[in-house]
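Working notes, beginning with the structure itself.
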Amino acid sequence: SKLAALFEHPLYNIPIPEVTEKDKLFVVNPMEKFSLRSSGSDEWVSSSKAETLLPTGKTAYDTYPTWLKFHVGINRYELYPRRDPLMPTLLHELATQRIISSVQKSGGTQLKLIMTFPNYGQALFKPMKQTRDQETPADFFYFSDFERHNAEIAAFHLDRILDFRRIPPVSGRLVNITKEIRDITTDKKLAKTFFISPAGNICFYGECSYYCSTEHALCGKPDQLEGSMAALLPDKTLAKRRSWRSPWRRSYHKSKKAEWELNPNYCVQVRETPPYDRGHRLLDLIDMTVLDFLMGNMDRHHYETFEKFGNDTFLLHLDNGRGFGTHSRDELSILAPLQQCCSIKKSTYLRLQLLATQPYRLSDLLREALATDTLAPVLAEPHLRALDRRLGKVLAAVGRCLAR
């Protein structure tokens, strides 16, 4: 396994600083236990007050469902550890656990559902809108592009291979529209949008500002629908997140250009503006730029951080559905922060150089990582080959900066 060899490499074993109590997102009560609600039930309840005896040698933490262990593990430096023993279990549960509730997520431009499992875990479901081999038409503006379920899955694995670990776990899943959405939804607005197509397939379109109409309905075959299931982050009432507008945000206008597109010295003013004037925030943003360029995502208008950790923490790379839309074109403007600031973390640069070598070729690693997903093959081959070409362009951009 190339992936196993990669994670053994010294560049993937650089220790993170010691995690103290104040560096953890949650301080956990070591006595708080979870137990099954009744025999034969698969619903969890907090039972610190109930008289439950734990098997010898077990701690209260061992009784937590996997999603809660994931939440409890988040700290100032990483969303999940490199060698996370929970990850295979969490991905498997996202793909297989029984769905007991499906409701539409409010906000956003396209249809997404929040799905709940019997153990109170929740996931964000993005349905399939186009096939693996369809490219975004060249005449489409980036802001009118579809969100792709397979891009969300591939982005999670790519982020992990780059050792950023800033995207919550995502798994592919085949959902039964009838049993797992229509029959169990309590969302009246969503329920009104189901119909049977002339081909006899079950379809629905929900309510949103783009692509929520009969012409853009999501249809099963006859009721099976592919989608991505992303583990939800802790509720914002428990762990507040701050949303930051990206300094290199696009104009989201058909003809207007953003300031960074007109001013080659734009980075000078960014470097003088908090929070980019100190710490590693600008370097973290350039990490995100590299990720976005590799997958061709032009839609990074905001990013988020956990409020508890202030400015000294990682950026969350959320909402990656507009990646992997084209493999035949490379959008060099995505690399503007790297090109204009001529800065990159040494550790990131060394890992990118490693991923350009034969034993650790980036396309091979991502292909191997995606092969374990329920919906494999997740990406069409041309998208995987494009990664190697784009990686070469990132390294060339750094090379030009070093020469300067």
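Residue positions begin at 1 at the first shown residue.
Keep in mind that glycine also has a Cβ here, set from the backbone N, Cα and C atoms.
The Cβ of ASP299 (active site) has 20 other Cβ atoms within 10 Å, all protein chains considered. For ASP299, the entry in TrEMBL reads active site.
Residues or ranges marked as ATP binding site in TrEMBL: GLN110, LYS126, GLU147, ALA230, ALA231, LEU232, LEU233, GLU304, ASP319. Neighbours of GLU147 (ATP binding site), defined as other CB atoms within 10 A of its CB across all chains, total 25.
In sequence order, ASP299 are the residues near ASP319 (ATP binding site), counting only same-chain partners six or more apart with C-beta under 8 A. If you look up TrEMBL, you'll see GLU147, ASP319 marked as Mn(2+) binding site.
When pLDDT values are averaged over the domain 'FAM20 C-terminal' (194-403), the model yields 95. The domain 'FAM20 C-terminal' feature in TrEMBL is assigned to 194-403.
Under 8 Å, Cβ to Cβ, and six or more positions away along its own chain, GLN110 (ATP binding site) finds LYS129, PHE146, GLU147, CYS208, TYR210, TYR211, CYS212, GLY321. The maximal spread of the ATP binding site, taken as the longest Cα to Cα distance among GLN110, LYS126, GLU147, ALA230, ALA231, LEU232, LEU233, GLU304, ASP319, is 20 Å. Counted over every protein chain shown, other Cβ atoms within 10 Å are most numerous around ALA231 among the binding-site residues ALA231, LEU233.
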